[in-house]
């Protein structure tokens, strides 16, 4: 059984005996316990279980105790460490020197003991040794007897822990390519060096003929298929057929295609994570799957010119429910765009919520909207907006039909209600695919995302000579007047899901205008997640040594390892590039 990755908590202490160390033991260990309690009571793994912490077997005052802690952490699947102390300790003697996991140090801001002095000293040692560490120091002085964690310290501890857990959850998993390069899209030219060196992941690949082989040979659960077919007939609405008359398929052929795409979903899922039921049916090899945390399906053109497209499979894999009930989502990229798949994965691991995969299709200026519709944009939309749309791989949770405190949200599966599932299905239909583009047919997904949701759009790009770079745009979904929506939506493919998105502007750089956001976006796709998580993404990127080339996160929310400041404090973007380039990938 694979263990969850854990956070290791290291209480370090002044090693001087005969009074000094003894007087600090309880306070120091209590700091460790309070951090562990904070993390375990606040954060959850993607399966909904509380995050686990491991505390060192004793306080750490000298090298043998640091070594004992290191050994315990190795056995306990610790993916990151947090060192805590209220006092002076011996810097390089007590530090954790593991170079391939993130580290953070919280130095208590008090006057009785110099916790801040240790923090500065050990961070200097980390910088000298080339092992980055995040420094955490409360803004306000606390009393020595104060056991509470200040709010600013909590925020940094949790931001660090979320990002660190993401690195641990990715390590030793796989990206599964189903097919190869789709229509020459750069993101579907899968780069194994990137996955191995930056994420600690491996790459697996199957030809798309694996789908037809499993269908032809019955390598799927026939009982589940019958249950799925019944559920789809009762719950999934087939949408309007927009095809011209000579391309409309017969009712009999559409019914066959529904059966086909349901099997595609089952096979795609089984390829990713396996299915013990297949072993019972005599298919032991296929039952184990590919240990894939994220996958992509090429589809176009070789598959979709002949077979039904992958939209239904992609949509329901990314969605938090199916005929088996409510469950955690899979992370699945259309067109095998591995870089957008990784963008979705970053978002998912930081939020435990499903993702919208979309083309960054169109920038609508206020002037263009006025000319086409007669409508004057206002509010969040006043500066214009982006049309996000793609036929597949867009979670049904993207409808915004789930709610929290009366507002539309996308939330973890363990919070999802059956009534919200039904609302998502009611507000979605599945039109027959546009056969001018998808000659083999299939079914696309059509819905409109509710407005006023805070969201973050993300894209990872590969730059020759530099490596991966990340771009982040926080903003809000929009709800346009119905007639305006239909006028704009019908100018593209009305059979696809639409999200109207207004990025938050800052007045500088790539965020001077919505046009500049569109113009600086690095690829044709984006990964959209619920919430403003740009600060968490920046922290995660720094752990992986991926520079951020574009973001609209307030400077006070940026949290990177302390040695980033030694690369410069005025131009943070350039300092980020230099730090990442010098330190190199986390797993190299």
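Glycine is no exception: its Cβ is also placed from the backbone N, Cα and C atoms.
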Revision key, fill the gap. Listed by Swiss-Prot with 335, 359 as binding Mn(2+), from among 525, 532, 551, is 525
Exercise for review: Check the active-site residues 335, 359 for other C-beta atoms within 10 angstroms of each C-beta and report the one with the most.
Suggested key: 335
Point to revise | Cβ neighbours within the same chain of residue 525 (Mn(2+) binding site) - under 8 Å, at least six residues apart | key: 187, 335, 337, 339, 340, 357, 358, 359, 360, 390, 459
